[in-house]
């Protein structure tokens, strides 16, 4: 035997072979045919069961026998894949109308595996036989099987639109399909309307076919998504569980789930809800129970007393498979190719298939009727000359000779002669003659009717309509899925997601933040907070886990951090740097932090920069749903820094102090509300080379403490300040020296809450009591606290 060796590039061989493989799995494995809604393996299973007489009116047979028939004659693949497909056709939570009835364990909605095929038994369902009806009447084309030992159908007659009724799902090379199941009566009604009016619009069709009808029921939201899918083949809907509320004897409420979204694993859903409860992601759930039994699906979610059941339900819709989105992708094989099809195209393809099936069946029946008519006419003729026929047969040598004599003497045809010689003697009665004459009349009427169907397209369509109506009447069922026009917006109260707990929030000047339990805080003391060397406490306060923290930086940005998302860390331990929660720039510094309980308030923030700009923005502007990156609080120009952020419930006085000792006090009412991206207006008229070191709210009982670079502290009372208008130069608070003048490096408004100060140089720090600093007059430079020769030049001061 000679060998032919071809020299081919690997690229060409791979491309060619993968192309063949892709075509095979697209056409022969993963995608359904638009005409019968079946994938090849499903079609082969149903045909194998039908061929072997495993029909609904017979006893159940072992599934292993069917699997053996399928892989032995039609589907040369693994037995597991065939059995898996067979089981799916029997699962009433997967198919709207099952095509196989199965005895034994055929899996569950919990995704439990079915029993082995040697244990289960199956037979065709009554509806499945409507897919195969008339297959023996040459209605569809047959092709040789994989080893040319028998024939198999290319498609089933499919007397109802199975693709829409039972839907399909599958993935192949470059294609995927997701076609939802629908209500059989609605689909047939829509098909009937399409037959009457091929120009019917999708809107008109949707009067009859409302939308998907999932075997698991549920609530479908989004008419627009359904319409889009029916028009283009692609669309999105929301499918949510059916949830009812019950009240228990102890006064508690519980949510009862009786229907879940299509193809959601029930046990996984129960597990997920219980995990949300155990992980305290949702507050208010006592227990989750799966109470499903023979009477139907039932999941009970027992709630705590006085919780908002609607909010818990909404939280579960959003954070579990209690609600899912279903994406239509209606791809099917049409004319040998995968196509994305709208509902009109699917119905049209099905209708064309039915026209062909009914026409082929009519031709087959007409041919048989004409053949029978021919035989009946021969028998009637023979009975009219019965004595001569009998005499001729008796004088013949054998059967063959008798047939030839009948053809030659009486001009019977071959078929008629065969029927005559096979006629039994008891048939030669008057009763039989009358019966033959009656049959002749019936055949005449039948032939006339069949020819009319073939010659008249409307008559053929009427046959299709009549048969569809019969199936509709016989198999119709109530819709299981409720359809709602709009997709409901899910609103979740924060109280449901986060248990309410009072905690201590702390922020250090170097940006370390944490929340600490009241118990841990009380067991220690403010001074015992965990700090890095050189760091100090910027702020600490009692907050609730349902509050939100706004962290402001020198870049004019803010971080929006829900308190419950902060790490729960003991008071004596180091907190978490804000950059680990929300990424910030390397040179970005935290300048203040505030706690918000409710953003629906008249309160406002005031922002002040080093170069003397100021602005006011209302608190509601800062509410956001984005937690993962810094947001703009105010526009900070180049070579400027935000140095102060204040929060006020109402307008009040603020004091601005500059490096060169100027001070201006005015009311925030002079500031207009502005957006977050605004830069603001001029706060103070700065001298050359001067800059702002402090902008803070001030009241009549407050004092102001200032620190100079030379180690001096000066404390003044409110009465020295002169209330003026914004953008003026202000008053002088220092005595100007010609040599080494004092410059204010830090200043703070001192209220009754403050008792200590801390001075910082690059390498040292000095602590003292604020009350030890006597109040000074306006034109003084205060009192020296540290010797800069030993301590170093003062660079900052904090008060606490």
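Heads up, the Cβ atoms here are built off N, Cα and C, so glycines get one too.
What Swiss-Prot lists as active site, O-(5'-phospho-DNA)-tyrosine intermediate is 119, and the listing cites sequence analysis. The C-beta environment of residue 119 (active site, O-(5'-phospho-DNA)-tyrosine intermediate), restricted to residues of the same chain at least 6 apart in sequence and closer than 8 Å, consists of 104, 105. Annotation note: residue 119 (active site, O-(5'-phospho-DNA)-tyrosine intermediate) sits in a coil segment as assigned by DSSP.
Per Swiss-Prot, the feature domain 'Topo IIA-type catalytic' maps to 31-495; the stated evidence is sequence analysis. This prediction places the mean pLDDT of the domain 'Topo IIA-type catalytic' (31-495) at 92.
According to its DSSP assignment, residue 39 (site 'Interaction with DNA') is coil. The feature site 'Interaction with DNA' is assigned by Swiss-Prot to 39 (among others).
Of all Cβ atoms in the protein chains displayed, 24 besides its own lie within 10 Å of the Cβ of residue 75 (site 'Interaction with DNA'). Mapped onto three states, the DSSP output places residue 75 (site 'Interaction with DNA') in coil. Per Swiss-Prot, the feature site 'Interaction with DNA' maps to 75 (among others).
Marked as site 'Interaction with DNA' by Swiss-Prot: 77 (among others). Counting Cβ atoms from all protein chains shown, residue 77 (site 'Interaction with DNA') has 15 others lying within 10 Å of its own Cβ.
Per Swiss-Prot, site 'Interaction with DNA' is recorded for 88 (among others), and the stated evidence type is sequence analysis. Residue environment of residue 88 (site 'Interaction with DNA') contains 18 other Cβ atoms, counted within 10 Å of its Cβ in all protein chains.
Summarising the annotation, Swiss-Prot assigns site 'Interaction with DNA' to 94 (among others) and lists sequence analysis as the type of evidence. Look at residue 94 (site 'Interaction with DNA'): DSSP puts it in coil.
Every protein chain shown contributes to the tally, and the Cβ of residue 118 (site 'Transition state stabilizer') ends up with 10 other Cβ atoms within 10 Å. Feature annotation from Swiss-Prot assigns site 'Transition state stabilizer' to 118.
The closest partner of residue 75 (site 'Interaction with DNA') among the recorded sites, by CA position, is 39; the full candidate set was 39, 88, 94, 118. Summarising the environment of residue 94 (site 'Interaction with DNA'), the number of other Cβ atoms within 10 Å of its Cβ, over all protein chains shown, is 21.
The two recorded residues, residue 88 (site 'Interaction with DNA') and residue 94 (site 'Interaction with DNA'), have Cα atoms 7 Å apart.
A sphere of 10 angstroms centred on the C-beta of residue 39 (site 'Interaction with DNA') encloses 20 other C-beta atoms. Residue 118 (site 'Transition state stabilizer') sits 18 Å from residue 77 (site 'Interaction with DNA'), taking the CA atoms of both as reference points.
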